[in-house]
Every structure is written in C-alpha cells, then in structure tokens.
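Listed in TrEMBL for this protein:
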DOMAIN    1-289  domain 'Deacetylase sirtuin-type'
ACT_SITE  His124  active site, proton acceptor
BINDING   Cys132, Cys135, Cys182, Cys186  Zn(2+) binding site
Amino acid sequence: MDNLLLCDPDRKCLNEIAEALPALVLTGAGVSVATGIPTYRNEAGTWLRSDPITHQEFLKDPRQRQRYWGRSLLGWPAVRDARPATAHRILAQMEAIGAITHIVTQNVDRLHQRAGSAKVTDLHGRLDRAVCLDCKTFISRDQLQSDLLRLNPGITRTTVSARPDGDADLADGIVDSVTVPCCKQCKGTLMPDVVFFGGSIPNERVLEGKLALERARCLLVVGSSLQVYSGYRFCKWARDSNKPIFLINPGLTRADDMATKWRIDADSGLQAIFERYCEHRKEQNLKEQGINSA
Ligand SMILES: [Zn+2]
C-alpha cells in the first residue's frame, strides 16, 4: 500500500519538499487570489489587464498621477479589507515551527504580516503607505484615503474590479477632475511605496532576500509565474548554489525547466506540504528515539 502511495507523483513531490525544508519561500499573486485580490496573469502566463502606469509616467506626468490616485481611491478598500487566505496562515505556522526561514513576496498587500509571518521582505514595496518623493516622509494609506475622499467627494465606485496594485478602472472623463493630495510637510509629490513597472527595487531589499536564500536549504516558489525578473533571479541564485527549487503553481512558470513543479493552487499545495512536513518530523523523531534506545 505504501508503495502505491509513493508512486503517486504528488506524494513523491511532497516527500522531496518535506526532506528539503527549511525553505526560503517566494510568493506571488497566486497566494492572495482566494482573498478576492485578483492576479495579473492567467494560467498560461498571459497579462490580463490593460498596461499599468509606469514609474517614469508617474514621475513626469501630473495627469497620470491623477489617473493613478483616482483609480486607487476606488481600488484601495478592496486591498485594505482583504483577509489572509489559508496559504498566508499556513506559511505563518510553517515559520513558527522552523519549516521556512523567510518569505520574499512580490505582493504589496501585506497579507503575510497580517497572518503573523515575522520574517518577510516586501520585494515590490507595500501599498499601505505612500512616500513623499521630495522629503521621503511616509504617510499611511488610510490617512491618504481620508484626504482623497475629502478632496474628491464626486468620485464614487462607478467601476469594475480592483487590481493587485490597489488600482481600479476609472472612466477617462473623471480623471481630469481628480485632486491629488500633496505632502503635508513640504508640499512634495506623494507616491505609493511600491515599485512600479520600470522602477527599481532598492538594493538592500534584494540583498536581504539573497542572504535569506543562503540560510535556507531550498527555494519554494508559491503562486508566481515568475515572469518578472526580480522573482525569477531567486531561482537562478538557488540553481547556482545547488539548492533544490520547488514550484507550487497551477499554471506555467518561467522556471519550469529548472525546478520540481507541482501544478496545484497555493492553499491546497501548502496545506499538503505542512501536513507532510509534520509527519516527516514525527518519523524523524521516532527514528532518533529508536537509535537512542538501541
Ligand atoms: Zn515631503
């Protein structure tokens, strides 16, 4: 019977992962999908939404900032009110029992921290605050939301779904009427504390993730298609240092050719890994007791 179970490809994969832990975990939008925050890409890796505002456009073009903050005014509540999914909660439990060393997330929703994970690098920043580009002061997104609502009483939810960056679709005609709040300290330009497309990730953040990978025995990627290089390079670093790479994702990823892949959603995959790891530890403990008593 055991042999039959061991022949199951999922079982084989689970055993491999359980034996390779503790892991550095890299997460993408797929871990937040059950919270109602939609992913950027479908299972074939195809971009699902119109192109987002780039870093350069945000800096140079006041109208793009009106568009961003007008959309964000409508999109922020969905991100603010999202609750951690099963995947977030299991990862927090896995950290507590030493099965993972650190999380590097491409998500900006802070749901890992809300679920109780302590060691998290927000690779692409965090949506719950904005930063002044001139004096570098931070302002909470909730405070900014109050200002946006006060300055723009005419903008209401006329639109569709929220996006992973807290954005929402906004009719073009409304964009011109958006009043954008400025920094209260210096009247400077406020930007969400996230890395836009075309922007760069601060070096210390990348280094923090890289050092965390060095301390781990393997890399476990959950819910990311790895289309963005900032995530994909963790796979290259893991491969270069001969650490096993495991991918938990229902669809295609950019690293399929260098990893052990399990096509499953984040919640189910992590639940199974957590259970198998707990069994594995019990088996190890029994073995050690057997050796000690022999
Ligand atoms: Zn300022």
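Cβ from N, Cα, C; glycine included.
A 10 Å cutoff on Cβ-Cβ distances gives Cys182 (Zn(2+) binding site) a total of 14 other Cβ atoms nearby, all chains included. With a cut-off of 6 Å between Cβ and the nearest atom of ligand 1, the recorded positions His124, Cys132, Cys186 reduce to Cys132, Cys186.
In the structure as shown, the Cβ atom of Cys135 (Zn(2+) binding site) sits within 10 Å of 11 other Cβ atoms.
Cβ neighbour count for Cys132 (Zn(2+) binding site) (all protein chains, 10 Å cutoff from its Cβ): 19. Spacing of Cys135 (Zn(2+) binding site) relative to His124 (active site, proton acceptor) is 21 Å (Cα to Cα, whole number).
Between the alpha carbons (Cα) of His124 (active site, proton acceptor) and Cys132 (Zn(2+) binding site) lies a span of roughly 17 Å.
Note on the recorded positions His124, Cys186: the fewest other CB atoms within 10 A surround the CB of Cys186. Highlighted in sequence order, Leu133, Asp134, Thr137, Cys183, Lys184, Gln185, Lys187, Gly188, Thr189, Leu190 have their Cβ within 8 Å of the centre of the Cβ atoms of Cys132, Cys135, Cys182, Cys186, the residues recorded for Zn(2+), and are not part of that set. Following the DSSP three-state reduction, the secondary structure of Cys132 (Zn(2+) binding site) is strand.
On the 0 to 100 pLDDT scale, the domain 'Deacetylase sirtuin-type' (1-289) averages 88 in the predicted structure.
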